[in-house]
Amino acid sequence: MLFWAAHLLLSLQLVYCWAFSCQRTESSPGFSLPGDFLLAGLFSLHGDCLQVRHRPLVTSCDRPDSFNGHGYHLFQAMRFTVEEINNSSALLPNITLGYELYDVCSESANVYATLRVLALQGPRHIEIQKDLRNHSSKVVAFIGPDNTDHAVTTAALLGPFLMPLVSYEASSVVLSAKRKFPSFLRTVPSDRHQVEVMVQLLQSFGWVWISLIGSYGDYGQLGVQALEELAVPRGICVAFKDIVPFSARVGDPRMQSMMQHLAQARTTVVVVFSNRHLARVFFRSVVLANLTGKVWVASEDWAISTYITSVTGIQGIGTVLGVAVQQRQVPGLKEFEESYVRAVTAAPSACPEGSWCSTNQLCRECHTFTTRNMPTLGAFSMSAAYRVYEAVYAVAHGLHQLLGCTSEICSRGPVYPWQLLQQIYKVNFLLHENTVAFDDNGDTLGYYDIIAWDWNGPEWTFEIIGSASLSPVHLDINKTKIQWHGKNNQVPVSVCTTDCLAGHHRVVVGSHHCCFECVPCEAGTFLNMSELHICQPCGTEEWAPKESTTCFPRTVEFLAWHEPISLVLIAANTLLLLLLVGTAGLFAWHFHTPVVRSAGGRLCFLMLGSLVAGSCSFYSFFGEPTVPACLLRQPLFSLGFAIFLSCLTIRSFQLVIIFKFSTKVPTFYRTWAQNHGAGLFVIVSSTVHLLICLTWLVMWTPRPTREYQRFPHLVILECTEVNSVGFLLAFTHNILLSISTFVCSYLGKELPENYNEAKCVTFSLLLNFVSWIAFFTMASIYQGSYLPAVNVLAGLTTLSGGFSGYFLPKCYVILCRPELNNTEHFQASIQDYTRRCGTT
């Protein structure tokens, strides 16, 4: 809306000048050429005086010391192109193109030129019409202007008429908006691509801490905005950003303040997205402030402009890299300019003060050149001239299609701007092996050169160090071609904080994400290079040490069969089983002997069988835990040992009853013997323990589990039984049985020698208590894969103690002291006990 308001205001201002001051239409030679169809060319042959105006007058362009050599070359490029097309028999064969060229040195001159071309031939005004389809003007298309600010104004004025406007230098993204600027096209790539190239250039060197300077106007301000919006999400921080004012002067307070802030920003890299006019003011201020040792990244408008390189002292500011539209040559342009200089030797005719001629179509310097002092056609101007060349050819091809031209003739009918615009959008042709075409936004795809300034003393040139293709943008840079300003030709570093060490994540300090502290990642987390601000946790099956950048697979551990400790325990358990089976065979062979009968007779086989069951449970502790193994290992051992303790308890209790209570309490003894008290106790005790185990298996079912918490780098495969309520109930029952056994054996400590088992039983129970105390102590401090081995060792010690304390002495008598295994010896022992009891 601001643009439209400005356009309307300027139009009203210019009407005053037009109506009262501009009565003559004389022009300097070379500004116009008659033809069947005319093109309007808008070029800045002079610079804007940037003066403050108090009256709505059009700026006079032809002022001393304001000549613009670059605009002159573009002016000549259009003249050359039209002449080349007119001399061609393949393009517009019987049609002659003409032109009206204008010097648009200022915004007012630009608007004035646009309105003058749109005006009707006779009355010199623009008729207000309801339908603009049949609107006709002296030209069919515009070429230019040369900057975004002027192009926005011209495009807005021409848009309602759908008058084609093909610019050769206006690159701002805003001009791609077809709803605002429907008739605008360009032969220079959009700044949308330039911004992408510049951001990728920064990324390729790792520069993430930059300053950003733009020029006043659409080109610089929109370019800076687009660059910041694209750079920040990619990890680039803008430490300082400012705009060079339109009225900036070297040494004024505004520029001094900018230089101070730029120095305080501590950035090595400064991106200058500016038109060349304000860029010159900026760099003169840089030289004055002695801001050296930096890398300056140039936008295409000034990257290879001699207007900037001519600033005194600029060769000492540091390294200059830039983005430039790919270099192209216009064959014959230089010779054309030389012939023009030789042909035009007379001075232009004088124009009355205030006439149109003195405003927009007069170039006094153009007629004073010789072939020796004419403006040098450098690479920057030649590249821009080629885009003028493309623009004129694009219009010519569109007109060729609109007129239905054959190889020999074109139809001659009325041509309306909107019709020609449609055809220009459709053009697609080769021009010196380069494709010329437009997309739906009127933009053309091209290529950029990545350049670096090169100084040889006072002589300046530039080196093409790479290129950038578009859609998508891809950079190819040869970094070895760059001569850096620092020591040892090293690539400068531009960061707020140096990169963290491996395994350290960033904690942002302040408002810029490029300024951060480095904090080490904790164990179990790692730093993913795609997210440098967060240490990510490892997966369940993974682990990581402190300060890690990756996770490692956890080692799965369990008590394997082939482990040395496993082999030792298996061998010991197998030996115990063989001893138990051998003892059972030995007792069966000597079943009717006094030793076996005094040990319990048939009850011995139940005791040996329970020990065998407990011993067999140990094999389920080895190998990877499975459901059957977890169900069997602890309950089977606990039940077997409970039966053994029940038998041992009742055997000790029964001996006490026989020797001590049979005579003192005969009624109790008879009741106990008649009701099979010993067998009933064993059955009841074993049944209680069996019910505990069944409840354990149902309510707190042991099952295989993977334990992750104990060791960060290990996964322990185990069964969930040790900490369950069922295990504690079963273990408590066995403790009670052990205490009962100890009490009963202690009561029989004075029994006959052959029946006195107090010492052996106490030894067995002592081993039982010690082994399980050791196991639980170890389990509280060690939770590794060898814990099942400790469990087996404790159980094996318990069973071995029970076997050795009760059965081993009897086996010794049977095998080694057979003379003691007879009735006479046992009777003598009983008689001796009776005599001792009688004396007391």
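Keep in mind that glycine also has a Cβ here, set from the backbone N, Cα and C atoms.
What you are looking at is a predicted structure, and each value in this text was computed from that prediction instead of being measured.
Relative to the membrane, L632 and K759 are recorded by Swiss-Prot on opposite sides.
Looking at 31-51, 451-471, 787-807, the stretch flagged in Swiss-Prot as transmembrane segment turns out to be 787-807. In the structure as shown, the Cβ atom of N478 (N-linked glycosylation site) sits within 10 Å of 12 other Cβ atoms. Proximity to N94 (N-linked glycosylation site), defined by a C-alpha to C-alpha distance within 10 angstroms, is shown by the following glycosylation sites from N86, N134, N478, N528: N86. Here the transmembrane segment (639-659) does not touch the transmembrane segment (567-587). Their Cβ atoms form fewer than 3 pairs under 8 Å, with each pair 6 or more residues apart. Comparing CA positions across the glycosylation sites N86, N134, N478, N528, the one lying closest to N290 (N-linked glycosylation site) turns out to be N478. N134 (N-linked glycosylation site) is 55 Å away from N478 (N-linked glycosylation site) when you measure Cα to Cα. Cα-Cα distance from N134 (N-linked glycosylation site) to N86 (N-linked glycosylation site): 27 Å (rounded to the nearest whole number). Separating the Cα atoms of N87 (N-linked glycosylation site) and N528 (N-linked glycosylation site) is a whole-number distance of 65 Å.
Long-range contacts of the topological domain 'Extracellular' (624-638) within the same chain: residues 558, 560, 613-614, 616-618, 689, 693, 696-697, 701-705, 717-722, 727, 730-731, 734, 795, each at least 6 residues beyond the stretch ends and with a Cβ under 8 Å from a Cβ of the stretch.
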